[in-house]
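Q: Dropping the structure in here first, questions after.
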Amino acid sequence: MSERIEKIMTVGITGASGGMYGVRLTQELLRQEYKVHLVLTEAAWQVFKEELLLDTTDRQKVIHELFGDLPGELHTHDLHDYAAPIASGSYRSAGMVIIPCSMGTLSGMAHGASGNLLERTADVMLKEKRKLVIVPRETPLHDIHLENMLKLSKMGATILPAMPGYYHLPKTIDDLINFLVGKALDSLGVEHTLFTRWGE
């Protein structure tokens, strides 16, 4: 029995500040019963420890605490597992989002390095002309950062900087997180009610 391709997504979380963006987006996909392939870099685990104040000694326990009670299907992959299904273009999915995306990962993707599973899967999205949403989180940006974003945009990726809007009158940090996650989901074509849209 074939899977519904439109309900399969890959999420990458890197060591850029803002790990909660990736957590919230993954949670929302799972709530909507998506099959999610999750790849975290080593630096992402450090961010989980520093920003989310999580004890990352037992990583499987952390994954269960963050996502275990949600109805979707979660598959976590080692950063260097090139045998993972998402490393191949023959494995079909609706798209991929890297949220937040560090400048190191951005550079690897822009130059086709495929130095780890995250970069390889992004390379697959580009070559197969599938949705790839990149949420860079860095400030300020120098020329190489900007050139890499432009290069990826020209190859078909959506560059969605971690810049929350304020027209929805956010009252909490959660409101700001939900806005950005909602914009990323919009770019992936995923319905949601994470923020009030302009004119609603």
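A Cβ is built for glycine as well, from the same backbone N, Cα and C atoms used for every other residue.
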Q: Gly15, Ala16, Ser17, Thr41, Ser102, Met103, Gly104, Thr105 bind FMN in Swiss-Prot, but which of Arg130, Arg137 does that record place at the same site?
A: Arg137
Q: I'd like the number of other C-beta atoms within 10 A of the C-beta of Arg137 (FMN binding site), please.
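A: Result for Arg137 (FMN binding site): 20 neighbouring Cβ atoms inside 10 Å.
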Q: How long is the line from the C-alpha of Gly104 (FMN binding site) to the C-alpha of Lys183 (dimethylallyl phosphate binding site), rounded to the nearest angstrom?
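A: So the Cα of Lys183 (dimethylallyl phosphate binding site) lies 23 Å away from that of Gly104 (FMN binding site).
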Q: Since the record lists Gly15, Gly104 as binding-site residues, which of them has the fewest other Cβ atoms within 10 Å of its Cβ?
A: Gly104
Q: Name the secondary structure element type, per DSSP in three states, that contains Lys183 (dimethylallyl phosphate binding site).
A: helix
Q: Sequence gap of 6 or more, Cβ distance under 8 Å: name the residues on the same chain that satisfy this around Ser102 (FMN binding site), in order along the sequence.
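A: Expected: Thr14, Gly15, Ala16, Thr41, Ala43, Arg137, Glu138.
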Q: Determine, to the nearest whole angstrom, how far the Cα atom of Ser17 (FMN binding site) is from the Cα atom of Lys183 (dimethylallyl phosphate binding site).
A: 18
